[in-house]
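Record features (TrEMBL):
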type	residues	note
TRANSMEM	12-28	transmembrane segment
TRANSMEM	34-53	transmembrane segment
TRANSMEM	65-87	transmembrane segment
TRANSMEM	156-178	transmembrane segment
TRANSMEM	213-235	transmembrane segment
TRANSMEM	241-261	transmembrane segment
TRANSMEM	268-290	transmembrane segment
TRANSMEM	310-339	transmembrane segment
């Protein structure tokens, strides 16, 4: 066969390959997020699988089944219970605030007077804050959270067939990935045209970031929020579960943390006369909880998964905006891929002859 014929065959094969890949991507794209999530969960539970693998005499299917039971009982059931508690406490919180405002147990007169006095000192300003405006703003704010939760839960319930299908697919993917994750990684390395050293770097960074987000960041936020929630319960803060869940959410986000919720609650307690309770919450949040972060992060977050907090924040916000809630995981993974690619370019492909070129 001539050189021209060989080149023609290659072009035809690559065009055929591109077409097949594109069509199959369209076929599996609705389930791609579920597949990726189940793969990362499989990586996370690999120690559990290895434990059962040893105890069952290296029976992979039985070990995978036990591992999925652990995921179901240890993750999905508690998650459903937590969602139920969030909804019930947010509705109760919203109702109590509305009742207190309607019965005038909560008034904003003093705060409004101080705000208006401050506004009056600003040159060229000619407006005043009214109690009706503040009351309306507070009511809209306290109604927004339960309305959002109930609306989204109704959407999920109305699409119950889709939810069941996604759960079935998740566990089917999980049953495939748990015993075969190393085979999948070896296959990806085998078809990659890059050197094994570069492949290993990509794989290590992605696995480290996925473990960091699923195991490190979430667990740290959970511990910090739970401990702070216990302190709030001891000093008599209402709606502790609701505030604890909010602290878990903000604990995941860099430069916010659980203190974003705990400190304002402490200040509110101080301003409303519960001085020692408020000071306790603030000091505990600023001193003890920060030490929990320092101790756990060193243990749980791998060094090769650490990024600048600004990059992590951008990755989280962008990921959530593009992928939804799964963006908590996918955003940082995509960002670590970008950082790794730049490092690989500098180390392996950038030469002195390229200086000055874009």
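Please read every residue number as a count from 1 along the shown chain.
Backbone N, Cα and C atoms are what each Cβ position is placed from, and that goes for glycine too.
Please treat TrEMBL annotations as automatic predictions, because they have not gone through curation.
Here the listed stretches are 65-87, 213-235, 241-261, 268-290, and the one with the most C-beta pairs under 8 angstroms to the transmembrane segment (310-339) is 241-261. Same-chain residues lying 6 or more positions outside the transmembrane segment (213-235) and placing a CB less than 8 Å from one of its CB atoms are 40-41, 44, 241, 243-245, 247-249, 251-252, 257-258, 262, 265, 269, 274, 277, 280-281, 284-285, 288-289, 292-293, 296-297, 300-302, 305, 328-329, 332-333. Counting same-chain residues at least six beyond the ends of the transmembrane segment (241-261), those with a Cβ under 8 angstroms from any Cβ of the stretch are 82, 85-86, 89-90, 93, 217-218, 220-222, 224-226, 228-229, 232, 285-286, 289, 293, 309-310, 312-313, 316, 328.
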